[in-house]
Amino acid sequence: MEDVFKGIEKEIIKIYKIPERKGRFSNFKFKNKEINELIDALGFKLYLHQVKALKYLYNKKDVVVTTSTASGKSEIFRLAIFDNFLSNPDDRYLLIYPTRALINNQYEKFSMENELFYKITNKRVKAEILTGDVGLEKRREILKDKPNVLFTTPDMLHYQILKNHNNYLWLLKNLKLLVVDELHVYRGVFGTNMVYVFKRLLKLLKRLNNNLQILCLSATLKNPKEFVKLLFNRDFEVVDKSYNPSSRKYLAILEPKNLDNKQLLRRLIENLVDNNIKTLVFFDTRKETEKLMRFLLNSKVFYKLSTYKGTLPKYVREEIEEKFKNGEILALLTTNALELGIDIGDLDAVINYGIPPDGIFSLIQRFGRAGRRDKEALNIIVLRKDGLDYYYKEHLNELYERIRKGIIEYMPVNIKNRFVTKKHLHYLISELKIVDFDELNDFEKEIVKELEREGKIKIYKNPITNKTEIRNVKQPIYSSIRTASDESYYLILDKPWIKSKLLNKTQSEILSFINWLKIKGYVIEEVDKDEYYRSLITGMPYFSRGKLFIAKDKIGIRKFHFIFADELDMFWDVEALQKKEEEIDILDIYDKKSYKDIDIYYGRLRVRKIYEGFIVRGVDVDKYYQELLALKDNGILDAEIDLFKDFFGLNFISVKFNKKIIRDFETDGIWLCYFQIILGMLTK
C-alpha cells in the first residue's frame, strides 16, 4: 500500500477498509445426477443464493437474481440448461446480453462447460451467437441448424428475431427460458425501448401459446421486484443476498492538491505498474482516455499501458484483453466498455477519475471488478473539480457506505416516452398483424390514435367479434433502440483502393468488406454519429490508442459512412476545439412541474447544431498547419485556415468552414424557466 501512494501521500483524503466476507454454501438435487457430476468436475460448490434461485426456477417461477459482482449468477442458468437439456432436448433458450463483447466472453465460458458436459454425458448442447457481427451466410446456417441456445443482444431481438419472427418460430414456439443478463443497464431511453421490446416478445409468445420462464441477473438493486415488474409486467421471485466469499478491499479517496489531475493520475499509474499491480483506470469519455495516454507518452511505463474503448475493432479489443490477461499490459485506460463482466483475468486495482455522471451506479460496477479471485483489491477515486465530486468530498462516509453496500438505488425508466412508444406500437402492430385495442393501456390508446391520424395503422370494429381491432397500413422503418440514428461511422486508413472498392459494393457486400477491413487492420475505430460530429469532421486531429490521426474526406453509402484518415507523428502535441452554435425549438410539451419559482418542462425538442469550424492548439501547431494546408490544396478541406502566433507561445490554428455544417435532429428533453428569479435579480 505504501509503495502505491509513494510521492502522493499529501493528495490522500481518506482510506477506508472494507472487510472480507466468508462464503455460505448449499446443495441442490438436479433432475439428472450428471449435473452434480458436472459441478464436481468444475471444482466448485454452489453458493446459497445460487441454490435459492435454482429452487425458484424448478418451481416454474420467474426469478430476478440481484447479487454482487462475481457471485456466480451465470452458473445458475448454465446448470439449469444442461439439466433440462437431458430431459427435454427440444427446448430452446434465449440469452440476452447488452454488448457483443460480453456475449463472446459468456459464449466462451458456456462452451468450456459444454465440453465437460459432453465428456460426462456424451451429449453436447448446440449453442450459437447471433449479433450484428454475424454475416448473412452464418445467419442462414443458424436458421437451418436450430441451436438449443442462442446468445444475442437486445438489438438483434428487436431488429432480427421479432421483425422476422416467422423465421424463428423453431425458437419462439419451444422457448423454455429467457435469460436477461446485466439487467441494471436497462435504464434511461435504452430501458424505455427495452420495456417495449420485451412487451412485443411476450405478446408474440402469447399468440404462440408459449408461457416461458424469465431469469434476470443484475447487480444489487434496491428495488428489484418493482424494476422487473416495470420491464416485464410480471411478478418475479427475488434473490437479493450474496453468499459468495469476498476479499478484503480498500477504498482510497484522493484529491489533486500539490499536483494537477494528470500529474496525480500519472504518478498513481506508474506506482501501480512498477509494483506489477493490474489496474483499470475509468474515465467518462473516450477523449479523456486518449488525453492521459498522450500525457504518458514519455513515461517509463508507457509500453505497459493501452487505451480500451468499445469503438475499437473487435480483434483489437480481443488482442488488448489477451495481453492484459497474460501481463504484457498492466494498466488499461478505459471507458464504461469494461464496466460489465468481460473476463480480463485477475484484477488488483480500479481507479475512477471522478464520480461518474450517473453517480454511484457505475462506481459499484467498476469497483466490483477488482479482487474477483479471492485477492485483496484496491479501489481509488481521484476527485475532479465537479459538483458531484464536491458533494461527496463533503459526505465521504455516505460515499463509503453506498459503495460498501453495493446497492444501486435509482433506475430511471420512463415508460411514457411518446416517441419511443409510438415506434414500438407500430412495430407491434406490424408483427402481430391484428392487435386488440382494449389490450392497450390509456396512454398507448392515445398514441395509436396518433398513428391512425398519420395513416400508418387503421382502427376498426370487427363485425364478427364486435371487438375494436388495429391493423397495420404502412410498414414501419425499424430504428435503433440505443440511439436516434441507425448510421454507422468507420474511421479507416486512407488507401485509394479501399474507396474504389467501397463504391462498387452492394449493401450486403459492404458488411462483409467492412469485416475484412477490420481483420486486416484498416479500420481504426467504429464510432457513432455524435462522435463523428464531435471529433471527426474533416481536418480535425483524432487520437486512438496514443496514436495521432488527421480526419480527411468522408464518403457515405446508404447508412454506412467512411471517414478516411492519415496517421501522423504520435508525439505531436495538438488538440482541437470546435466552434459551433446551437438553436433549439420546442415542438411539444408533455409535462410541466414547478419548484418554487422555477418551471420545469419535459417535451419534444428540435435541435440544430451549426458547425462553423474549429481551433487547433498545442506545441506542434506549426507542423499540423502544413497538414491542413495540404488538405485544402487537394480540395478536401473547404475552409479559411489561419495560423496565429504570439510572444508567449500561445499559438493556434483557426479553421473556418466556407460552408457551415448543419446537423438537425429531434429529441426529448427537459428545460427550466426561471423568469421570476431573473426578474428579481434585475430589480435588485
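A Cβ is built for glycine as well, from the same backbone N, Cα and C atoms used for every other residue.
Not measured: the values here are computed from a predicted model.
Residues annotated as domain 'Helicase ATP-binding' in Swiss-Prot, with sequence analysis given as evidence: 54-239.
Classification of Thr67 (ATP binding site) by DSSP places it in coil, neither helical nor stranded. For Thr67, Ser68, Thr69, Ala70, Ser71, Gly72, Lys73, Ser74, the entry in Swiss-Prot reads ATP binding site.
Per-residue pLDDT, averaged over the motif 'DEVH box' (181-184), rounds to 90. According to Swiss-Prot, the motif 'DEVH box' annotation covers 181-184.
Here Swiss-Prot flags 264-419 as domain 'Helicase C-terminal', drawing on sequence analysis.
Within 8 Å of the centroid defined by the CB atoms of Thr67, Ser68, Thr69, Ala70, Ser71, Gly72, Lys73, Ser74, the record's ATP site, lie the Cβ atoms of Ser242, Asn244, excluding the listed residues themselves.
In three-state terms derived from DSSP, Lys73 (ATP binding site) belongs to a helical segment. Note on the motif 'DEVH box' (181-184): DSSP counts are 2 helix, 0 strand, 2 coil. Around Lys73 (ATP binding site), the C-beta neighbours below 8 angstroms that are at least 6 residues distant in the chain are Gln50, Val65, Thr67, Asp181, Leu217.
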